[in-house]
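Q: Below is a structure I'd like to ask you about.
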Ligand code: UT7
C-alpha cells in the first residue's frame with residue numbers, strides 16, 4: 001500500500017468536554033462529619049476536593065451538560081448514536097441514554113447505556129468504534145457520567161472521601177486509521193470471580209427474587225478498597241502492556257498516560273511498574289476525586305484545556321473498575337480547538 005494511503009476505516013475523536021456540578025466538597029468539610037482529616041485523605045489518595053450534585057440533580061443532568069459542550073466543541077448538530085456509560089443511571093429502567101439524547105435534541109438517534117463500572121469509558125469507546133467501523137453510525141456521542149454521591153453512604157469514611165460526581169463526553173466520527181485522533185488498539189478484559197469486591201447489593205434481580213427486608217447498607221456502594229487497590233495496580237499495568245504490545249509501541253512511545261483517576265497512589269504505582277516517568281501521567285484526581293466512568297474524559301478535557309496535551313501527542317488510556325473489568329486503548333491527539341476548562345483548578349498545582 002502506498003504510504004499516502006488513508007488506511008483502514010476508523011473512529012476519529014473530533015470533540016470533547018467535561019462538566020462537573022458547582023458544589024465543591026473539601027476534605028475539611030468531610031472531616032466535620034467523618035472520623036478523617038485532610039492530611040490522611042491527601043496522603044492516601046491525592047484528593048483535595050470533589051464536586052457533588054445538589055439535591056434533585058441526577059446523572060442525566062450532568063451527561064446533558066457535558067454532551068452539549070462536546071457537540072459544540074466538535075461543531076456538529078447531530079449524531080447517529082448516543083452512548084452513556086454509568087454505574088448510577090437515573091433509574092434501573094429505562095436506560096439513561098435515550099433521555100440524554102432527547103434532551104440534546106437528538107431524538108431518533110440510537111441510544112443505549114454501557115455498564116462496566118469505572119472501566120465504562122474505555123468499553124464505551126470500543127463500542128463506539130465498532131458502530132462506526134461497521135458503518136452502523138457515522139458519528140457517535142459517548143458520555144461517561146456518574147453521581148457516586150447518590151450511592152455512597154455519606155458516613156462511610158473509606159468511600160465518601162474518594163468519589164466525586166462528574167461527566168465527560170467525546171464525539172467520534174468516521175475516518176481512517178492514519179488520521180490523528182483515530183482510536184485503537186484496544187485491550188479489554190474482566191474477571192467476574194471477584195464480583196464481590198465492588199458492589200451495590202440491592203436493587204437488582206438477585207436481591208428482588210430473594211425477597212425479604214432490604215438492609216440500608218445493601219442499597220449503598222461497597223468496596224473492599226485494599227484488595228481493589230492491589231488488583232487495580234496489577235490489571236492496569238498488564239492491560240497497558242498488552243495494548244502497547246498489540247500496537248508495536250514501547251512505553252517510550254507514550255507521551256501521556258491517561259489512567260482512570262482511582263487514587264493518585266494507584267496511578268503512580270502503575271506508572272512506576274510500566275517504567276513511565278510520573279510527569280507523563282495525567283492526573284486531576286486532586287480536583288475531582290474518582291468520578292467513575294467520567295474520570296478519563298474529564299482528565300482529557302482538563303489536560304486539553306490546559307494545553308498539556310498537544311496535537312500529535314500519543315496517548316495511552318487505561319481503566320479499571322468493578323466487575324472486575326479493565327481496558328486500555330491508544331490514540332494520537334488530533335488538531336482540535338482548545339476546549340473550555342470544565343472546572344476551576346484552584347490555586348494548588350496538580351500533585
Ligand atoms: O474506581 C475503581 C476502583 N477503586 C479503586 O481503585 C480504589 C482502590 N482503593 C483505594 O483507593 C484505597 O484502598 C482507599 C483509599 C479506599 C483506602 O486506603 P488504604 O490505604 O487502602 O486504607 P485501608 O483500607 O488499608 O485502611 C487503613 C486504615 C484503617 O485503619 P486500621 O484498621 O489500620 O486502624 C482504616 O480504618 O485507615 C483507616 N481509614 C481511614 N482513616 C482516616 C480508612 N479510611 C479512612 C479515612 N480517614 N477516610
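Glycine residues also receive a Cβ, built from the backbone N, Cα and C atoms like all the rest.
Note that the coordinates shown come from a computational prediction; the quantities given were computed from them, not determined experimentally.
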Q: For which of the residue intervals 261-265, 266-270, 271-275, 276-280 does TrEMBL record region 'ACP-binding'?
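A: It is 261-265 that TrEMBL annotates as region 'ACP-binding'.
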Q: Rounded to an integer, what is the Cα-Cα distance in Å between residue 290 (active site) and residue 260 (active site)?
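A: One finds 8 Å between the Cα atoms of these residues.
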Q: Please report the DSSP secondary structure of residue 260 (active site), reduced to three states.
A: coil
Q: Around residue 118 (active site), how many other CB atoms lie within 10 A of its CB?
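A: So the Cβ neighbour count for residue 118 (active site) comes to 32.
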Q: Which one is it: of the active-site residues 260, 290, which Cβ has the fewest other Cβ atoms within 10 Å in this structure?
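A: It is 290 that, of the active-site residues 260, 290, has the fewest other Cβ atoms within 10 Å.
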Q: What mean pLDDT does the predicted model reach across the domain 'Beta-ketoacyl-[acyl-carrier-protein] synthase III C-terminal' (244-333)?
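A: Mean model confidence (pLDDT) across the domain 'Beta-ketoacyl-[acyl-carrier-protein] synthase III C-terminal' (244-333) is 97.
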